[in-house]
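Colleague: Sharing a structure below in structure tokens format, with a few things to ask.
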Amino acid sequence: MKIAAAALLLAASANAFTAPRVHNSRTATSLSVAQADLDGAQGMIDDILKTKNCGPVFVRLAWHDSGTHDCNIKEEFPASGGAIGSIRFDPEINHGANAGLAGAVKILEPVKEKYPEVSYADIFQMASARGIELAGGPKIDMKYGRVDATGPEMCSPEGNLPDAEAGPEGKFGGAGGTASTEDESAAGHLRKVFHRMGLDDEAIVALSGAHTFGRAYADRSGLGAEKTKFTDGSATKLADGSETTSYTPGGSPWVENWLVFDNSYFTTITDESTDEELLKLTSDKCLWEDEKFGPFAKKFADKDAFFESYAKAHKALSELGSKFENVE
Ligand code: HEM
């Protein structure tokens, strides 16, 4: 009897160890999220950001959740994609454009475990906005209370996010996703992608300025180097002027101080005298070459002008396709 009970207990604990953890996600039927829980989640996120200096990958995670949105799809939530937390599910997390983002979701899991009533969609967007603010960027007027997508069937089809370089046939984008994004020029492709989200030319240029933050990796997009002198584990600057070596080495940044969110992207890409280890993708350079993007790219050499436009565009991006419940 005793042995049978012990065996049962053992089986139960083994099962508890191996079974996937199920969180009380907020669903379309829950009515509100408590401000106290949002505040708690923010405190935890801030601690993670200060320890790991992983703001850039959080910004990319949130943007890739939002950036699937198609404003022409008028059916009910969550049909049009967007900031709905669907990026945490397979197949979306395994889309080519999302390489490396599973790690970012994993870093944020403890926040969800501690505050199960806060949706993943909110946690991803909060981690991005806090990452920017703590790195010296603008304070974004964020709204919370997003309802989560609840299963993989709510994932967006692959192909809605932008390409930085042309494919083997010389074209950017393709026929996949919810609408074709294919174009011979980088600027035309960016317009197809961002206008499909409902965002305009100014937002395209402002949001591209997020590349002032972070790196591209050889083993993710394949567009960065294994490492550069700016990312080899040596000290890099933080927003408060101090320096840190607390980051995972590797990748190519767009700017020298890649853990500071400022407007240096807009003064570095066009400067031919900048260090050759810094990244200049075709989708970055086109912002100065295109007749309508150009004036904004030049205007954002002024930091205040960039921050004002960026904060507005980031807010819009963070709410694409979202369904909100009350915060109380
Ligand atoms: C305009 C079209 C865009 C293209 C073609 C593009 C492309 C890329 C690529 C290829 C990478 C490197 C990924 C890697 O290897 O890990 C990257 C990184 C990044 N992107 Fe973009 N991106 C675009 C727009 C945006 C927008 C709108 C945002 C945010 C508002 C953003 C934020 C970032 C950040 C923060 C990183 C660095 C991530 C890290 O350090 O882990 N990007 N982007």
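Think of each number as a place in line: the chain as shown, counted from 1.
Placed from the backbone N, Cα and C atoms, the Cβ positions cover glycine too.
Automatic, uncurated: that is what TrEMBL annotation is.
TrEMBL feature annotations, pasted as is:
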type: SIGNAL; residues: 1-16; note: signal peptide
type: DOMAIN; residues: 56-328; note: domain 'Plant heme peroxidase family profile'
type: REGION; residues: 153-182; note: region 'Disordered'
Colleague: So if I exclude everything within five residues of the ends of the region 'Disordered' (153-182), which remaining residues of that chain have a CB under 8 angstroms from its CBs? That is, six or more out.
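Modeller: Contacts of the region 'Disordered' (153-182) (Cβ under 8 Å, skipping residues fewer than 6 from its ends): 64, 67-70, 72-73, 78, 81, 84, 86-87, 89, 91-92, 95-97, 188-190, 192-194, 196, 216, 221, 223, 281-284.
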Colleague: What is the number of residues in the region 'Disordered' (153-182) that are helix, strand and coil, as DSSP sees it?
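Modeller: Helix (H, G, I), strand (E, B), coil: 2 helix, 1 strand, 27 coil.
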